[in-house]
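First up is the structure itself, then whatever we jot down about it.
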Amino acid sequence: MNQIIFSQFGTPIERVEIALQALRHGRGVLVLDNEDRENEGDMIFAAEKMTIEQMALAIRYGSGIICLCLTEERRQQLELPMMVEHNTSHYQTAFTVTIEAAEGVTTGVSAADRITTIRTAIKNDAIPEDLNRPGHVFPLLAQPGGVLNRGGHTEAAIDLTLLAGLKPAGVLCEVTNEDGSMARALEIIAFSNQHNMPVLTINDLVAYRSR
C-alpha cells in the first residue's frame, strides 16, 4: 500500500536519487519502513551537514530521542560500549551508551548542544575522551551490509549518507503526530509537504542497492 501512496513522488529509484540530492545539499529526508515492521517514518539528516535549526525541528516534531547512526569502525574509534550485553528488543535496535560532548556544551539538552555532540563524535580525529557518557544523544550501531542485511532506519541512514558521498553517519528521529502517536504514511506525506523534505521507503533503498 505504501508504494502506491508514494508513487506520486516518482519511481523507487527516482525517490532515492531525489533523497541523495537533498542530503548532499544539507536537507533532511523522510524514510518510512515496511508496514509489517515498525511502520514508522523517521527524519534522517547527514550528520556532517545537520544544522541547529534542523535539530530544533527534529526535537519539536519528533519523539525527542535523537539518534546518531554510526558504523562499527566509528563505534570502536570512540570506544562506545553497547547499551546492553544481551539485546532483547524486538527489532534488535543496537543502542550504545548515550553520549555528550566533553567540551562546548552546557546541559547537553539544547539543539545547539546536541549538534555540538554530534559534530564532536564524527570528527575524523575524534577520540574517546572527546565524549562524556551518559548524555543526550543516542548512538545506534548499523549492521554491516546496510538495508540489504537489516531493513532498519539505522542502516538506511548509513546507506543514504554513503551513497550521497558523505561521511557514513546520520542523525534520525521518529516523526510523531500532535497527539504523540507515531506518524504513518499519510502523516509523513503531509509532513513532507509542510517541510519540503523528500520521502522514500526502505524498500526503495533496497531496490536501489540491488540494481
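Every residue number used here counts from 1 along the chain in the order it is shown.
Every residue gets a Cβ built from N, Cα and C, even glycine.
The feature D-ribulose 5-phosphate binding site is assigned by Swiss-Prot to R37, E38, D42, R150, G151, G152, H153, T154, E174. According to Swiss-Prot, the feature Mg(2+) 1 binding site maps to E38. Marked as Mg(2+) 2 binding site by Swiss-Prot on the basis of sequence analysis: E38, H153. Sequence annotations record features per position, and here Swiss-Prot assigns site 'Essential for catalytic activity' to H136, E174 based on sequence analysis.
Recorded residues H136 (site 'Essential for catalytic activity') and E174 (D-ribulose 5-phosphate binding site) have their alpha carbons 16 Å apart, per Cα-Cα distance.
Note on E174 (D-ribulose 5-phosphate binding site): other Cβ atoms within 10 Å of its Cβ, all shown chains, come to 19. Each of the binding-site residues D42, G151 was scored by how many other Cβ atoms lie within 10 Å of its Cβ, and the smallest score goes to G151. Most other Cβ atoms within 10 A: among the recorded positions H136, H153, that distinction falls to H153.
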